[in-house]
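What follows is a set of notes on a single structure, which appears directly below.
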Amino acid sequence: MLNILKNWKNQQTAASNLERYTKEDILKGEIPEHIAIIMDGNGRWAKKRSLPRIAGHHEGMKVVKRTTKLANELGVKVLTLYAFSTENWKRPKMEVDFLMKLPEEFLNTYLPELVEENVQVRIIGDETALPAHTLRAIEKAVQDTAQNDGMILNFALNYGGRTEIVSAAKSLAEKVKEGSLNIEDIDESLFSTYLMTESLQDPELLIRTSGEIRLSNFMLWQVAYSEFVFTDVLWPDFKEDHFLQALGEFQQRGRRFGGI
């Protein structure tokens with residue numbers, strides 16, 4: 001199966017290299033309302049340049065701003081970025097400490113622009129394990145942009161798809177146990193309201209950078225019918241052309257949701 005996926009990815013990459021899309025081209029087609037991105041490759045980007053891994057993470061922060069601005073200009077309604085997974089705590093302490101400072105640096109630097117651009121900041125994930133300084137920066141950004149009604153910039157921070165599903169199942173089980181919910185009333189629609197993304201539509205497009213072909217425990221429920229675009233480009237090298245390319249590939253797909 002893995003070989004089949006790799007062959008398919010190589011075919012997609014070869015085909016993609018034949019076309020280049022402009023912003024005007026993309027605006028003529030369907031724009032995904034919700035785009036999710038697994039921002040991968042910061043460490044490898046730094047290693048290729050004989051730099052510490054944290055240099056790659058810092059460079060990747062600049063790409064977050066550029067991508068957010070472009071997505072907003074194109075009319076995307078929700079941009080969800082996988083910033084830190086529940087498994088990332090296993091990394092070296094120095095790297096984790098730096099990653100926990102990045103949201104603070106990003107928001108302190110770019111929050112005025114996000115407010116001006118009518119972007120609303122949100123977060124999904126287990127906030128209880130986050131350092132106080134990280135949480136303060138996020139809470140301020142969420143509060144300062146709460147009245148904005150433009151694109152939602154949704155950071156998945158200390159997030160894990162399996163944990164999210166288990167938590168939702170436990171909440172539903174508690175309601176059944178206490179008698180406030182009949183088990184027969186539980187369906188996909190109700191289950192979705194117990195997820196961290198309860199108020200958001202599912203992503204139509206998932207992009208992963210760095211050439212890896214896996215979900216890494218990201219939005220396992222929500223991406224059931226998402227279109228996937230895998231690119232070999234490392235996240236710090238991800239530019240406007242690459243984002244437009246992913247959207248162009250999305251617009252060439254036929255989304256049938258199990259039909260013909």
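Cβ atoms here come from the backbone N, Cα and C positions, even for glycine.
Annotation comment: Swiss-Prot describes ASP40, GLU227 as Mg(2+) binding site, evidence class sequence analysis. For the recorded site, GLU227 (Mg(2+) binding site), the DSSP three-state label reads strand.
According to Swiss-Prot, the active site annotation covers ASP40, on the basis of sequence analysis. Secondary structure at ASP40 (Mg(2+) binding site), taken from DSSP and collapsed to helix, strand or coil, is coil. In sequence order, ARG208, THR209, SER210, GLU212, SER216, LEU234, TRP235 make up the list of same-chain residues 6 or more apart from ASP40 (Mg(2+) binding site) whose Cβ falls under 8 Å from its Cβ.
TRP45 (substrate binding site) falls within a helix when secondary structure is assigned with DSSP. Among the features that Swiss-Prot reports, substrate binding site is placed at 41-45, ARG53, HIS57, 85-87, TRP89, ARG91, ARG208, 214-216, with the record citing sequence analysis.
Every protein chain considered, the tally of other Cβ atoms within 10 Å of the Cβ of ASN88 (active site, proton acceptor) stands at 17. Annotated active site, proton acceptor per Swiss-Prot: ASN88, in sequence order.
HIS57 (substrate binding site) sits 26 Å from GLU227 (Mg(2+) binding site), taking the CA atoms of both as reference points.
Here GLY43 (substrate binding site) comes close to ARG53, GLY56, HIS57: these same-chain residues lie at least six apart in sequence, with C-beta atoms under 8 angstroms from its C-beta.
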